[in-house]
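Some features that Swiss-Prot has for this protein:
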BINDING   Thr231, Ser232, Glu233, Glu285, Thr384  L-serine binding site
BINDING   Arg262, Arg263, Glu264, Val278, Glu349, Leu350, Thr351, Ser352  ATP binding site
Amino acid sequence: MLDIQFIREHPEVVKESQRKRGESVELVDEVLRADEERRSSLKQFEEARARQKEIGKQVAKAAPDEKAKLIAQTKELSEQVASFKASADTADEQYTTAMWQLSNIVEPQAPEGGEDDYVVMRKVGQIRDFAAEGFEPKDHLTLGEEVAGIDMKRGVKVSGSRFYFLRGDVARLQIAMLTMAVDQAQEHGFILAITPTLVRPEVMRGTGFLNSHADEIYRLREPDDDYLVGTSEVALAGMHENEILDLSDGPLRYCGWSSCYRREAGAAGKDTSGIIRVHQFDKVEMFVYAKPENSDAEHQKLLAMEEEMLAKVEVPYRVIDTAAGDLGSSAARKFDCEAWVPTQGRYRELTSTSNCTQYQARRLNIRERVADGGTSPVATLNGTLATTRWLVAILENHQQADGSIEIPKAMRPYMGGKEVIEPRKWEA
(Lines of atoms letter the chains of each structure in order from A and count residues from 1; the text may use other names and numbers.)
(Lines give C-alpha, C1' and ligand atoms only; values in the text may rest on other atoms or scores of the structure.)
Protein backbone atom coordinates (compact mmCIF):
# COMPACT_ATOMS: atom_id res chain seq x y z
CA MET A 1 0.00 0.00 0.00
CA LEU A 2 1.15 3.53 -0.73
CA ASP A 3 1.29 6.51 1.61
CA ILE A 4 -1.91 8.52 1.08
CA GLN A 5 -0.12 11.74 2.04
CA PHE A 6 2.40 11.12 -0.75
CA ILE A 7 -0.43 10.49 -3.23
CA ARG A 8 -2.13 13.76 -2.21
CA GLU A 9 1.08 15.75 -2.60
CA HIS A 10 2.53 13.96 -5.66
CA PRO A 11 -0.35 12.50 -7.71
CA GLU A 12 1.58 12.89 -10.97
CA VAL A 13 4.43 10.72 -9.68
CA VAL A 14 1.98 7.93 -8.87
CA LYS A 15 0.21 8.34 -12.21
CA GLU A 16 3.52 8.10 -14.06
CA SER A 17 4.34 4.90 -12.19
CA GLN A 18 0.97 3.44 -13.13
CA ARG A 19 1.58 4.42 -16.76
CA LYS A 20 4.99 2.72 -16.79
CA ARG A 21 3.41 -0.44 -15.42
CA GLY A 22 0.70 -0.39 -18.05
CA GLU A 23 -1.92 -0.09 -15.30
CA SER A 24 -4.81 2.29 -14.74
CA VAL A 25 -3.77 5.94 -14.38
CA GLU A 26 -7.39 6.84 -13.60
CA LEU A 27 -7.17 4.72 -10.45
CA VAL A 28 -5.07 7.47 -8.84
CA ASP A 29 -7.89 10.00 -9.32
CA GLU A 30 -10.34 7.42 -8.00
CA VAL A 31 -8.24 7.05 -4.86
CA LEU A 32 -8.08 10.82 -4.36
CA ARG A 33 -11.85 11.20 -4.85
CA ALA A 34 -12.52 8.37 -2.41
CA ASP A 35 -10.07 9.91 0.06
CA GLU A 36 -11.82 13.29 -0.12
CA GLU A 37 -15.24 11.68 0.29
CA ARG A 38 -13.97 9.62 3.22
CA ARG A 39 -12.55 12.65 5.03
CA SER A 40 -15.63 14.77 4.34
CA SER A 41 -18.00 12.04 5.57
CA LEU A 42 -15.88 11.44 8.65
CA LYS A 43 -15.86 15.16 9.46
CA GLN A 44 -19.67 15.32 9.20
CA PHE A 45 -19.99 12.29 11.47
CA GLU A 46 -17.58 13.67 14.07
CA GLU A 47 -19.25 17.10 14.12
CA ALA A 48 -22.72 15.59 14.50
CA ARG A 49 -21.46 13.25 17.23
CA ALA A 50 -19.91 16.20 19.09
CA ARG A 51 -23.21 18.13 18.94
CA GLN A 52 -25.05 15.05 20.15
CA LYS A 53 -22.75 14.74 23.16
CA GLU A 54 -23.03 18.45 23.97
CA ILE A 55 -26.83 18.39 23.91
CA GLY A 56 -26.73 15.23 26.02
CA LYS A 57 -24.87 17.20 28.69
CA GLN A 58 -27.42 20.03 28.47
CA VAL A 59 -30.33 17.64 29.00
CA ALA A 60 -29.05 16.71 32.44
CA LYS A 61 -29.00 20.38 33.53
CA ALA A 62 -32.08 21.64 31.66
CA ALA A 63 -35.29 22.84 33.23
CA PRO A 64 -38.30 20.54 32.71
CA ASP A 65 -39.83 22.74 30.00
CA GLU A 66 -36.53 22.80 28.00
CA LYS A 67 -35.70 19.14 28.52
CA ALA A 68 -38.39 17.87 26.13
CA LYS A 69 -37.05 20.08 23.32
CA LEU A 70 -33.49 18.95 23.92
CA ILE A 71 -34.50 15.29 23.98
CA ALA A 72 -36.25 15.77 20.63
CA GLN A 73 -33.07 17.35 19.23
CA THR A 74 -31.07 14.43 20.58
CA LYS A 75 -33.27 11.94 18.76
CA GLU A 76 -32.96 13.92 15.54
CA LEU A 77 -29.19 14.10 15.93
CA SER A 78 -29.04 10.37 16.64
CA GLU A 79 -30.58 9.72 13.25
CA GLN A 80 -28.08 12.11 11.63
CA VAL A 81 -25.16 10.50 13.43
CA ALA A 82 -26.25 7.05 12.27
CA SER A 83 -26.65 8.31 8.70
CA PHE A 84 -23.27 10.06 8.69
CA LYS A 85 -21.64 6.99 10.23
CA ALA A 86 -23.04 4.77 7.47
CA SER A 87 -21.83 7.25 4.82
CA ALA A 88 -18.39 7.40 6.43
CA ASP A 89 -18.15 3.60 6.54
CA THR A 90 -19.17 3.31 2.88
CA ALA A 91 -16.68 5.99 1.85
CA ASP A 92 -13.91 4.32 3.84
CA GLU A 93 -14.66 0.97 2.22
CA GLN A 94 -14.50 2.51 -1.26
CA TYR A 95 -11.25 4.27 -0.37
CA THR A 96 -9.67 1.10 1.00
CA THR A 97 -10.69 -0.91 -2.07
CA ALA A 98 -9.14 1.65 -4.41
CA MET A 99 -5.96 2.03 -2.33
CA TRP A 100 -5.33 -1.72 -2.23
CA GLN A 101 -5.54 -1.87 -6.03
CA LEU A 102 -2.66 0.56 -6.52
CA SER A 103 0.71 -1.04 -7.23
CA ASN A 104 3.99 0.09 -5.71
CA ILE A 105 5.72 3.13 -7.17
CA VAL A 106 8.33 2.07 -9.72
CA GLU A 107 11.84 3.31 -9.03
CA PRO A 108 12.98 5.86 -11.65
CA GLN A 109 15.98 3.70 -12.65
CA ALA A 110 13.78 0.77 -13.75
CA PRO A 111 13.58 0.43 -17.57
CA GLU A 112 10.32 1.30 -19.28
CA GLY A 113 8.39 -1.28 -21.27
CA GLY A 114 7.13 -4.82 -20.92
CA GLU A 115 8.46 -8.35 -20.56
CA ASP A 116 10.96 -8.05 -23.42
CA ASP A 117 12.24 -4.57 -22.56
CA TYR A 118 14.66 -5.55 -19.81
CA VAL A 119 18.20 -4.19 -19.75
CA VAL A 120 21.11 -6.65 -19.62
CA MET A 121 23.43 -5.43 -16.87
CA ARG A 122 26.19 -8.02 -17.36
CA LYS A 123 26.99 -11.51 -18.59
CA VAL A 124 29.15 -13.85 -16.54
CA GLY A 125 30.82 -17.14 -17.50
CA GLN A 126 31.79 -18.88 -20.72
CA ILE A 127 29.15 -20.66 -22.80
CA ARG A 128 30.37 -24.12 -23.77
CA ASP A 129 30.91 -24.95 -27.43
CA PHE A 130 29.54 -28.50 -27.56
CA ALA A 131 30.20 -28.76 -31.29
CA ALA A 132 33.89 -28.16 -30.64
CA GLU A 133 33.76 -30.83 -27.95
CA GLY A 134 32.34 -33.25 -30.50
CA PHE A 135 28.87 -34.05 -29.17
CA GLU A 136 25.30 -32.80 -29.17
CA PRO A 137 24.10 -31.72 -25.71
CA LYS A 138 21.09 -33.50 -24.23
CA ASP A 139 18.28 -31.66 -22.50
CA HIS A 140 17.91 -31.87 -18.73
CA LEU A 141 15.00 -34.31 -18.84
CA THR A 142 16.89 -36.80 -21.03
CA LEU A 143 19.92 -36.50 -18.77
CA GLY A 144 17.77 -36.86 -15.67
CA GLU A 145 16.09 -39.96 -17.04
CA GLU A 146 19.38 -41.54 -18.10
CA VAL A 147 20.81 -41.19 -14.59
CA ALA A 148 17.51 -42.48 -13.11
CA GLY A 149 16.96 -39.14 -11.39
CA ILE A 150 13.87 -37.47 -12.92
CA ASP A 151 10.64 -39.42 -13.33
CA MET A 152 7.98 -37.32 -15.02
CA LYS A 153 5.75 -40.21 -16.09
CA ARG A 154 5.12 -41.42 -12.56
CA GLY A 155 4.78 -37.84 -11.33
CA VAL A 156 1.99 -37.31 -13.84
CA LYS A 157 0.43 -40.66 -12.91
CA VAL A 158 0.33 -39.71 -9.24
CA SER A 159 -0.51 -36.00 -9.38
CA GLY A 160 -1.22 -34.88 -12.95
CA SER A 161 0.65 -32.69 -15.43
CA ARG A 162 3.73 -30.73 -14.35
CA PHE A 163 4.50 -33.03 -11.43
CA TYR A 164 7.56 -35.25 -11.10
CA PHE A 165 9.68 -37.42 -8.85
CA LEU A 166 13.32 -36.58 -8.13
CA ARG A 167 15.22 -39.73 -7.26
CA GLY A 168 18.68 -40.96 -6.41
CA ASP A 169 21.58 -38.65 -7.16
CA VAL A 170 19.40 -35.92 -8.69
CA ALA A 171 17.35 -35.78 -5.49
CA ARG A 172 20.61 -35.59 -3.54
CA LEU A 173 21.82 -32.87 -5.90
CA GLN A 174 18.80 -30.73 -5.05
CA ILE A 175 19.28 -31.24 -1.32
CA ALA A 176 22.98 -30.42 -1.72
CA MET A 177 22.17 -27.21 -3.60
CA LEU A 178 19.58 -26.04 -1.08
CA THR A 179 21.81 -26.90 1.87
CA MET A 180 24.71 -25.03 0.30
CA ALA A 181 22.41 -22.02 -0.12
CA VAL A 182 21.41 -22.16 3.54
CA ASP A 183 25.04 -22.39 4.62
CA GLN A 184 25.93 -19.37 2.51
CA ALA A 185 23.00 -17.37 3.88
CA GLN A 186 23.92 -18.18 7.47
CA GLU A 187 27.51 -17.16 6.81
CA HIS A 188 26.12 -13.75 5.82
CA GLY A 189 24.03 -13.43 8.98
CA PHE A 190 20.67 -14.69 7.74
CA ILE A 191 18.39 -16.57 10.14
CA LEU A 192 17.18 -19.91 8.81
CA ALA A 193 13.42 -20.46 8.92
CA ILE A 194 11.45 -23.47 7.72
CA THR A 195 8.18 -21.77 6.95
CA PRO A 196 4.49 -22.69 6.72
CA THR A 197 3.26 -23.35 3.20
CA LEU A 198 -0.35 -22.49 4.01
CA VAL A 199 -1.17 -18.88 4.87
CA ARG A 200 -4.25 -16.86 5.75
CA PRO A 201 -5.89 -14.75 3.01
CA GLU A 202 -4.93 -11.58 4.89
CA VAL A 203 -1.24 -12.46 4.65
CA MET A 204 -1.42 -13.41 0.98
CA ARG A 205 -3.27 -10.19 0.25
CA GLY A 206 -0.85 -8.15 2.35
CA THR A 207 2.16 -9.25 0.33
CA GLY A 208 0.48 -8.15 -2.90
CA PHE A 209 0.20 -11.56 -4.53
CA LEU A 210 -3.58 -11.33 -4.88
CA ASN A 211 -3.18 -8.24 -7.07
CA SER A 212 -1.24 -9.47 -10.09
CA HIS A 213 -0.72 -13.17 -9.37
CA ALA A 214 -4.10 -14.32 -8.04
CA ASP A 215 -4.64 -16.79 -10.87
CA GLU A 216 -1.29 -18.46 -10.09
CA ILE A 217 -2.18 -19.34 -6.50
CA TYR A 218 -3.74 -22.52 -5.15
CA ARG A 219 -6.51 -21.97 -2.60
CA LEU A 220 -8.10 -24.56 -0.34
CA ARG A 221 -11.81 -25.22 -0.70
CA GLU A 222 -14.31 -24.28 1.98
CA PRO A 223 -14.56 -24.67 4.91
CA ASP A 224 -10.82 -23.96 4.80
CA ASP A 225 -9.74 -20.61 3.44
CA ASP A 226 -5.95 -20.75 3.29
CA TYR A 227 -3.66 -20.31 0.29
CA LEU A 228 -0.68 -22.44 -0.71
CA VAL A 229 2.39 -20.24 -1.06
CA GLY A 230 4.41 -19.89 -4.26
CA THR A 231 7.36 -18.65 -2.23
CA SER A 232 8.32 -18.50 1.45
CA GLU A 233 8.44 -14.71 0.98
CA VAL A 234 4.74 -14.72 1.87
CA ALA A 235 5.15 -16.46 5.21
CA LEU A 236 8.30 -14.52 6.08
CA ALA A 237 6.50 -11.23 5.42
CA GLY A 238 3.50 -12.32 7.46
CA MET A 239 5.69 -13.47 10.36
CA HIS A 240 6.01 -9.90 11.67
CA GLU A 241 2.52 -8.66 10.76
CA ASN A 242 1.29 -6.00 13.23
CA GLU A 243 4.68 -5.78 14.93
CA ILE A 244 7.18 -3.01 15.68
CA LEU A 245 10.71 -4.13 14.80
CA ASP A 246 14.02 -2.98 16.24
CA LEU A 247 16.33 -2.29 13.31
CA SER A 248 18.80 -0.18 15.29
CA ASP A 249 21.49 -2.85 14.86
CA GLY A 250 20.86 -3.29 11.15
CA PRO A 251 18.46 -5.18 8.86
CA LEU A 252 16.63 -8.31 9.97
CA ARG A 253 17.54 -11.02 7.46
CA TYR A 254 15.88 -14.43 7.00
CA CYS A 255 16.35 -17.31 4.62
CA GLY A 256 13.26 -19.46 4.27
CA TRP A 257 13.24 -23.09 3.12
CA SER A 258 9.92 -24.37 1.87
CA SER A 259 8.07 -26.30 -0.76
CA CYS A 260 6.27 -23.94 -3.14
CA TYR A 261 3.15 -24.34 -5.28
CA ARG A 262 2.08 -22.53 -8.44
CA ARG A 263 -0.85 -23.17 -10.74
CA GLU A 264 1.00 -21.93 -13.86
CA ALA A 265 -2.40 -20.86 -15.16
CA GLY A 266 -0.92 -18.66 -17.86
CA ALA A 267 1.63 -21.23 -19.04
CA ALA A 268 -0.52 -23.46 -21.24
CA GLY A 269 1.73 -25.01 -23.86
CA LYS A 270 4.91 -23.50 -22.37
CA ASP A 271 7.76 -25.66 -21.05
CA THR A 272 5.58 -28.76 -20.99
CA SER A 273 8.61 -31.07 -20.88
CA GLY A 274 10.82 -31.36 -17.83
CA ILE A 275 11.04 -29.39 -14.60
CA ILE A 276 11.41 -25.79 -15.76
CA ARG A 277 7.77 -24.90 -15.11
CA VAL A 278 6.09 -27.14 -12.54
CA HIS A 279 3.35 -26.99 -9.94
CA GLN A 280 5.51 -27.93 -6.94
CA PHE A 281 9.16 -27.19 -6.21
CA ASP A 282 11.52 -26.41 -3.35
CA LYS A 283 13.22 -23.11 -2.74
CA VAL A 284 15.50 -21.21 -0.40
CA GLU A 285 14.35 -17.59 -0.33
CA MET A 286 16.02 -14.58 1.25
CA PHE A 287 13.80 -12.01 2.96
CA VAL A 288 14.95 -8.77 4.57
CA TYR A 289 13.39 -6.10 6.78
CA ALA A 290 15.40 -2.88 6.48
CA LYS A 291 15.19 0.84 7.03
CA PRO A 292 13.76 2.46 3.88
CA GLU A 293 16.87 4.58 3.35
CA ASN A 294 18.98 1.39 3.28
CA SER A 295 16.77 -0.63 0.92
CA ASP A 296 18.69 0.11 -2.30
CA ALA A 297 21.99 -0.97 -0.75
CA GLU A 298 20.32 -4.07 0.68
CA HIS A 299 18.92 -4.88 -2.76
CA GLN A 300 22.43 -4.90 -4.20
CA LYS A 301 23.55 -7.22 -1.39
CA LEU A 302 20.81 -9.72 -2.22
CA LEU A 303 21.83 -9.66 -5.88
CA ALA A 304 25.46 -10.25 -4.86
CA MET A 305 24.33 -13.23 -2.75
CA GLU A 306 22.55 -14.73 -5.75
CA GLU A 307 25.59 -14.27 -7.97
CA GLU A 308 27.79 -15.86 -5.33
CA MET A 309 25.59 -18.97 -5.45
CA LEU A 310 25.59 -19.03 -9.25
CA ALA A 311 29.38 -18.90 -9.25
CA LYS A 312 29.42 -21.95 -6.98
CA VAL A 313 27.29 -24.03 -9.34
CA GLU A 314 29.45 -22.91 -12.29
CA VAL A 315 26.84 -21.98 -14.89
CA PRO A 316 27.01 -19.08 -17.37
CA TYR A 317 24.44 -16.43 -16.52
CA ARG A 318 23.36 -12.87 -17.11
CA VAL A 319 21.80 -10.24 -14.85
CA ILE A 320 18.87 -8.20 -16.14
CA ASP A 321 17.08 -5.12 -14.85
CA THR A 322 13.39 -5.97 -15.24
CA ALA A 323 11.20 -3.45 -17.06
CA ALA A 324 8.44 -1.64 -15.19
CA GLY A 325 5.66 -3.38 -17.09
CA ASP A 326 6.95 -6.79 -15.99
CA LEU A 327 7.17 -6.01 -12.26
CA GLY A 328 4.89 -7.62 -9.72
CA SER A 329 2.57 -5.20 -7.94
CA SER A 330 4.74 -5.09 -4.79
CA ALA A 331 8.11 -4.55 -6.45
CA ALA A 332 9.57 -1.10 -7.03
CA ARG A 333 12.54 -2.64 -8.83
CA LYS A 334 13.62 -6.19 -9.67
CA PHE A 335 16.79 -7.85 -10.90
CA ASP A 336 16.77 -11.35 -12.43
CA CYS A 337 19.67 -13.75 -12.86
CA GLU A 338 19.18 -16.00 -15.88
CA ALA A 339 21.32 -19.07 -16.59
CA TRP A 340 22.26 -20.32 -20.03
CA VAL A 341 20.37 -23.47 -21.04
CA PRO A 342 22.38 -25.09 -23.89
CA THR A 343 19.61 -27.11 -25.52
CA GLN A 344 17.32 -24.08 -25.66
CA GLY A 345 20.06 -21.71 -26.80
CA ARG A 346 18.86 -19.00 -24.44
CA TYR A 347 18.97 -17.73 -20.89
CA ARG A 348 16.27 -18.79 -18.42
CA GLU A 349 15.41 -17.16 -15.11
CA LEU A 350 16.89 -18.81 -12.03
CA THR A 351 16.62 -16.02 -9.48
CA SER A 352 14.88 -12.74 -8.92
CA THR A 353 15.38 -10.16 -6.22
CA SER A 354 12.89 -7.37 -5.55
CA ASN A 355 12.93 -4.19 -3.51
CA CYS A 356 9.36 -3.76 -2.28
CA THR A 357 10.18 -0.54 -0.39
CA GLN A 358 7.43 0.13 2.23
CA TYR A 359 4.58 -1.30 0.15
CA GLN A 360 4.18 -4.70 1.84
CA ALA A 361 4.95 -3.32 5.31
CA ARG A 362 2.12 -0.79 5.08
CA ARG A 363 -0.32 -3.49 4.05
CA LEU A 364 0.82 -5.79 6.87
CA ASN A 365 1.36 -3.02 9.45
CA ILE A 366 5.03 -3.77 10.07
CA ARG A 367 6.84 -0.79 11.54
CA GLU A 368 10.02 0.36 13.22
CA ARG A 369 10.54 2.83 16.05
CA VAL A 370 11.97 6.11 14.71
CA ALA A 371 13.94 8.96 16.29
CA ASP A 372 10.96 11.08 17.39
CA GLY A 373 9.49 8.14 19.29
CA GLY A 374 6.86 7.38 16.68
CA THR A 375 6.73 4.50 14.22
CA SER A 376 7.17 4.20 10.46
CA PRO A 377 6.75 1.33 7.96
CA VAL A 378 9.91 -0.65 7.25
CA ALA A 379 11.14 -1.69 3.81
CA THR A 380 10.98 -5.33 2.71
CA LEU A 381 13.10 -7.12 0.12
CA ASN A 382 13.29 -10.66 -1.20
CA GLY A 383 15.51 -12.80 -3.40
CA THR A 384 15.88 -16.40 -4.59
CA LEU A 385 19.01 -18.20 -3.42
CA ALA A 386 18.31 -21.67 -4.87
CA THR A 387 15.36 -23.55 -6.30
CA THR A 388 14.49 -26.74 -8.18
CA ARG A 389 14.77 -25.03 -11.57
CA TRP A 390 18.51 -24.62 -10.99
CA LEU A 391 18.87 -28.36 -11.66
CA VAL A 392 18.04 -27.67 -15.31
CA ALA A 393 21.07 -25.41 -15.72
CA ILE A 394 23.36 -27.60 -13.62
CA LEU A 395 22.55 -30.81 -15.49
CA GLU A 396 22.80 -29.32 -18.97
CA ASN A 397 25.91 -27.21 -18.42
CA HIS A 398 27.83 -29.96 -16.62
CA GLN A 399 26.98 -32.89 -18.90
CA GLN A 400 29.73 -34.97 -20.46
CA ALA A 401 29.89 -36.82 -23.79
CA ASP A 402 29.20 -40.18 -22.12
CA GLY A 403 25.96 -38.90 -20.56
CA SER A 404 27.43 -38.42 -17.11
CA ILE A 405 27.10 -35.17 -15.16
CA GLU A 406 30.06 -33.57 -13.46
CA ILE A 407 29.09 -32.24 -10.05
CA PRO A 408 30.21 -28.62 -9.47
CA LYS A 409 33.21 -28.56 -7.14
CA ALA A 410 31.52 -26.47 -4.45
CA MET A 411 28.67 -28.99 -4.24
CA ARG A 412 30.79 -32.11 -3.85
CA PRO A 413 31.18 -31.88 -0.07
CA TYR A 414 27.37 -31.87 0.12
CA MET A 415 27.27 -35.01 -2.07
CA GLY A 416 29.55 -37.06 0.17
CA GLY A 417 32.56 -36.23 -2.02
CA LYS A 418 30.93 -37.60 -5.16
CA GLU A 419 32.34 -36.00 -8.32
CA VAL A 420 30.24 -37.46 -11.14
CA ILE A 421 26.67 -38.69 -11.57
CA GLU A 422 26.83 -41.69 -13.90
CA PRO A 423 24.11 -43.03 -16.22
CA ARG A 424 22.31 -45.97 -14.68
CA LYS A 425 19.25 -48.15 -15.13
CA TRP A 426 16.08 -47.55 -13.18
CA GLU A 427 15.89 -49.88 -10.20
CA ALA A 428 12.11 -49.87 -10.37
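Note: Cβ is positioned from N, Cα and C throughout, glycine not excepted.
A map of Swiss-Prot features onto the structure.
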residue	record	DSSP (3 states)
Thr231	L-serine binding site	coil
Glu264	ATP binding site	coil
Val278	ATP binding site	coil
Glu349	ATP binding site	strand
Thr384	L-serine binding site	strand
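Using Ser352 (ATP binding site) as the reference Cα, a 10 A cut-off selects Thr384 from the binding-site residues Thr231, Ser232, Glu233, Thr384. Put simply, Arg263 (ATP binding site) is 16 Å from Ser232 (L-serine binding site) when counted between their Cα atoms. Across the binding-site residues listed here (Val278, Leu350), the residue whose Cβ sits among the most other Cβ atoms within 10 Å is Leu350. The two recorded residues, Thr231 (L-serine binding site) and Leu350 (ATP binding site), have Cα atoms 14 Å apart. Note: the Cα of Thr351 (ATP binding site) and the Cα of Thr384 (L-serine binding site) are spaced 5 Å from each other. Taking a C-beta cut-off of under 8 angstroms and a sequence separation of 6 or more, Thr384 (L-serine binding site) has the following same-chain neighbours: Lys283, Val284, Glu285, Met286, Glu306, Leu350, Thr351, Ser352, Thr353. Shown in sequence order, Asp336, Cys337, Glu338, Arg389 are the residues of the chain, 6+ apart in sequence, with a C-beta less than 8 angstroms from the C-beta of Glu349 (ATP binding site). Comparing Cα positions, Glu233 (L-serine binding site) lies closest to Arg262 out of the binding-site residues Arg262, Arg263, Glu264, Val278. Listed in sequence order, Asp215, Glu216, Ile217, Tyr218, His279 are the same-chain residues at least 6 apart in sequence whose CB falls under 8 Å from the CB of Arg263 (ATP binding site). Within 10 Å of its Cβ, the residue among the binding-site residues Glu233, Glu264, Glu285 with the fewest other Cβ atoms is Glu264. Sequence-distant neighbours of Arg262 (ATP binding site): residues of the same chain at least 6 apart with a C-beta under 8 Å from its C-beta are Glu216, Ile217, Tyr218, Gly230, Val278, His279. The 10 Å shell around the Cβ of Thr231 (L-serine binding site) contains 23 further Cβ atoms across the protein chains shown. For the recorded L-serine site, residues Thr231, Ser232, Glu233, Glu285, Thr384 set the reference point as the centre of their Cβ atoms, and the other residues of that chain within 8 Å of it by Cβ are Val234, Leu236, Gly256, Ser258, Cys260, Lys283, Val284, Met286, Phe287, Asn382, Gly383.
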